[in-house]
Amino acid sequence: MNFSASFLRLSAPRFSRSLATVTHTPHLAPQRHDWARQEIQKIYDSPLLDLVFRASSIHRQNHDPSKIQLCTLMNIKTGGCSEDCSYCSQSSRYSTPTKASRLLDIEPVIEAARKAKENGSTRFCMGAAWRDLAGRKRGFERILQMVREVRGMGMEVCTTLGMLTPEQAKQLKEAGLTAYNHNLDTSREFYPQVITTRSYDERLGTISAVRDAGISVCSGGILGLGESDADRVGLIQEVANMPEHPESFPVNALVPIPGTPLEGNERVAHHTLLRTIATARVVLPGTIIRLAAGRNTLSESEQAMCFMAGANAVFTGEQMLTTPCSPWDEDKAMMGRWGLEGMQSFEQASVARKEGAALGPQTPRTVSESQVESS
């Protein structure tokens, strides 16, 4: 061996092969409740790829990036609603293809929940087109039984039934309800241009009753109502400054429905959807961000960008309330291609804390525990 070769061999640094992944405990960011509008606007307006990178980093610090929560939504009472929500085909004020129906019996609902569970959904959501539960004692009792039976299957169970009183929220909690959906839809300023039959503060009152009852809050908005970027920022600020961040923040893209006042609205641009998701992830680090209505209009690569930006839940199954949904088989195939898998029931740490001892010995691991083992 010549001198040069010997020298290189002796002087070259010795590298040891490190592990591909390093076990670490995720940094769970504390919740902030003092966000100023201009702070969030600055985040929202940042260069899009920089924003997605920042959101993706925060997402990985607070969630297992390989997990997506699969939820199935069923309409248990369709149409005939007295509200005037401009986007909704279930309003009795508009002539739409949606026809009013009575509250379903318990059996078909439980059968649908079983089918959802068999297909991998771990949260089953039930929606009824009502303003509130006033004068619906028998119907409410039937819904409470639905909640008990779905919960008895080991699934997370969510309802959206309009406005609630504190006592009604307490009864739902006692029946085993995991979460309650009550969207704010948009900013406080733009809200009166979308709905006039229920005030913004009434919506916040229901959310307070749900939170005080120990039920997880699911509250987000709809993009494409005619709102501005400032309104999207206002919505995020409103939920970020609640006493607790909502456990779930659905991001819906308007699906214009013939017969509604917003039937002529253009579909929201993908970059707007992406920017909203990423901003919400930065401001709501521990919240599940749900890619909801309108997802079926996105290409697979557009959905993947939303997951990269921090979305980690979808609705999957035969349909949502009155709009199309991506089928289970298609979603499972897509997730397989992108290396994603479904969350277990009660895997979200904040939801598991609210469930507490009620879950007993079958309580699944929290996100923190599962991330440590898989890292």
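Counting starts with 1 at the first residue shown.
Every residue, even glycine, has its Cβ placed from backbone N, Cα and C.
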Feature region 'Disordered' in TrEMBL, mapped to one of the ranges 241-267, 349-375: 349-375
8 Å Cβ shell about Cys125, Cys158, Cys218, Arg290 centroid, [2Fe-2S] cluster site members excluded: Cys71, Leu73, Arg123, Thr160, Ala179, Asn181, Ser248, Pro250
Cys125 ([2Fe-2S] cluster binding site): tally of other CB atoms within 10 A of its CB: 27
Average pLDDT across the domain 'Radical SAM core' (63-295), rounded to a whole number: 93
Among Cys158, Cys218 [binding-site residues], residue with fewest other Cβ within 10 Å: Cys158
Neighbour tally for Arg290 ([2Fe-2S] cluster binding site), based on other Cβ positions within 10 Å of its Cβ: 25
